[in-house]
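K.L.:
The structure follows.
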Amino acid sequence: MTHKIISYFTFSLCLLLSLSPFVHMHPFAYSQLDYNFYDRSCPRLSMIVRYNLWAAIRNDTRMAASLLRMHFHDCIVNGCDGSVLLDDTEDFKGEKNALPNRKSLRGFEVIDNIKADVERFCPSTVSCADILTLAAREAVGLAGGPFWPVPLGRRDGTTASEKAVTEQLPSPIEPLENITAKFTSKGLDIKDVVVLSGGHTLGFAQCFTFKRRLFDFNGSGKPDPTLDSSALTNLRSICPKKDSANSNLAPLDSTNLRFDNAYYTNLVSNTGLLESDQALVKDPNTAAMVNSYSANPFLFSNDFAASMVKLGNVGVLTGKDGQIRKKCGSVN
């Protein structure tokens, strides 16, 4: 593991030096955020986040996937403002316990630990939204994925909405056109749908999110005919037809602890787990991209890094908007 961490740090530095064209491809990042935002006010920030992530993933290998997912769930719902971290209050029912997130999002304690460390060195300086964005980058890197420079300076939201989650967050059983519409409403595009779906190279899904594919696809009383037969047999053993199995976990791809392009090779062989994933090979526009990423892991890594920068810029609060929360679970 130590060798892997050193390799990642070396790779990070080399890639950062080679990324000046990449940075210039995204001038919008300079409009509100700054790559050097905390250089003077909290110079140890990246090191604190990285060490905490290393410790968390060493303790729980699923944590890389969990923090990447949490960052996506934060940004796609009313922007990257750390609102997903807020506990419910008398004034609002927040995102944390909305149906798609309840007993599903995990890793809040990791973000809280990082925040507590950061507060010791740089009190009231770094937002929870920035910590979560950096944590997602480090999680991907420690799982073997790409490095990308993260522009910083986000501020934290002061409220959260359970209703916004159900309206804005894509569902694993939604048609592709609905998911694409939710992405485009955030300034993302169809390519970002395909690329960010590749985040499912890491982690697990609970059985209830895909169970209808195994037993009653579209009310037919039969399994999804596009699902590979050996994959069907295997998934039925993990997710038998009983309610008590709904929270059982199935790997999202065959190498679910390692960031690679196996997610796309699985889609090509009709062994994708979620309906929303497998749907990407049924549409000619997205199928071409799936085939490209299946054949070219380097292309996927590069495009994933670029899409993560775009995702991290969605709906950010800067300047005098929002606040720097002292604790990520509550407003000041």
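Sequential numbering from 1, following the chain as shown.
Every residue gets a Cβ built from N, Cα and C, even glycine.
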K.L.:
Say which of C42, C75, C80, C128 is recorded by TrEMBL as the disulfide partner for C122.
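P.N.:
That would be C42, the partner TrEMBL lists for C122.
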K.L.:
Could you identify, going by TrEMBL, the member of C207, C328 that forms a disulphide bond with C239?
P.N.:
C207
K.L.:
Which one is closest to C128 (disulfide bond) in space, judged by CA to CA distance, out of the binding-site residues D81, E95, D260?
P.N.:
D81
K.L.:
Would you list the other residues of this chain near Ca(2+) 1 - those whose C-beta lies within 8 angstroms of the C-beta centroid of D74, V77, G79, D81, S83, E95 - in sequence order?
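P.N.:
Once D74, V77, G79, D81, S83, E95 are set aside, the remaining close residues are H73, C75, N78, C80, G82, V84, G157, A160, A164, G315.
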K.L.:
Could you tally the C-beta atoms, other than its own, that fall within 10 angstroms of the C-beta of R69 (site 'Transition state stabilizer')?
P.N.:
21
K.L.:
Near C75 (disulfide bond), how many other Cβ atoms are within 10 Å of its Cβ?
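P.N.:
The Cβ of C75 (disulfide bond) has 30 Cβ neighbours within 10 Å.
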K.L.:
Whose Cβ, among the recorded positions V77, C207, has more other Cβ atoms within 10 Å than any of the rest?
P.N.:
V77
